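*Asks:* Not my notes, these are from Swiss-Prot:
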- 6-221: domain 'ABC transporter' (DOMAIN)
- Gly38, Pro39, Asn40, Gly41, Ala42, Gly43, Lys44, Thr45: ATP binding site (BINDING)
- 245-265: region 'Disordered' (REGION)
Amino acid sequence: MTDALIRLEQVAVTLSGQSVLDNIQLSVKPGEIVTLIGPNGAGKTTLVRAVLGLLKPDSGTVWRKPKLRVGYMPQKLHVDQTLPLSVLRFLRLVPGVDRMAAESALEEVGAEKVIDSPIQGISGGEMQRVLLARALLRKPELLVLDEPVQGVDVAGQAELYGLITRLRDRHQCGVLMVSHDLHLVMSTTDQVVCLNRHVCCSGHPEHVSHDPAFVELFGKNAQSLAIYHHHHDHAHDLHGAVVNDAPATSSHTHTHVHGDHCKHG
């Protein structure tokens, strides 16, 4: 798997004496979209932090391609309502970014009209596009998107997932995405990893949606809806740090597998 951008092998994390992640195996290749799904408390945010290098696993390894450029899009941005901050000034917090670079990134995500708007005054969908534009400013080889459609209506969610696919196609970057809605990402993602502190099952989304481990986690409606209700319990500051954090179509083919700790066939 030398062509991987990032690879996790037997990763385990314990926080406050409790196992949060156990024996995680995961990799993302260039041009591949991998989606993490799982209930609240499944360890998705912890896994993302391990991928970003913000948290060191207690055991196992996190291998990254040397000098890997990563663009990160947090779930939610916490901005003081009294802070005079335009979208342009927010994007220019990224070192080396001028107005031209900011405009170019916003055009890529279809949000160029908000460049001079106060960041507190834009809509939820516009905010997600601005956060995505900020991730693109780093010219990433790997995009890490933590709930990229958070706070967006269903129509807007489908548009954003389509945009993510187009960006993947254009830049041939790998994408690691956390999502709560397998139904909407069915045509976007190449591989789904169902997480509940360990990898319950993984593979093509259509296969995972019928897997007993997936159905057990998400209930009897899982096969038709593949959805659960996400309760967002934390936000991020301007630099992506967690505030009050709690402990496509593609030619890629994947084998549908179960995690080591699953009791499903």
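Residue numbers in this text run from 1 along the chain shown.
Each Cβ is built from the backbone N, Cα and C atoms, and glycine gets one as well.
Since this is a predicted model, take the numbers as computed values, not measurements.
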*Asks:* Along the domain 'ABC transporter' (6-221), what average pLDDT does this model show?
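*Replies:* Value for the domain 'ABC transporter' (6-221), mean pLDDT as a whole number: 91.
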*Asks:* Around the ATP site formed by Gly38, Pro39, Asn40, Gly41, Ala42, Gly43, Lys44, Thr45, which additional residues qualify by having Cβ within 8 Å of the site's Cβ center?
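*Replies:* Sorted by sequence, the hits are Leu195, Asn196, Arg197.
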*Asks:* Just how many other Cβ atoms lie inside 10 Å of the Cβ on Lys44 (ATP binding site)?
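*Replies:* Its Cβ has 23 other Cβ atoms within 10 Å.
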*Asks:* If you count other Cβ atoms within 10 Å of each one's Cβ, which of the binding-site residues Asn40, Thr45 has the most?
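*Replies:* Top count of Cβ atoms within 10 Å goes to Thr45.
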*Asks:* Which residues does Gly43 (ATP binding site) neighbour through Cβ under 8 Å, counting only same-chain ones at least six apart?
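*Replies:* When sequence neighbours closer than 6 are ignored, Gly43 (ATP binding site) has Val13, Val20, Leu21, Leu195, Asn196, Arg197 within Cβ distance under 8 Å.
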*Asks:* Specify the count of other C-beta atoms within 10 Å of the C-beta of Ala42 (ATP binding site).
*Replies:* 21
*Asks:* Radius 10 Å, atoms counted are CB only; among the binding-site residues Gly38, Gly41, which position scores highest?
*Replies:* Gly38
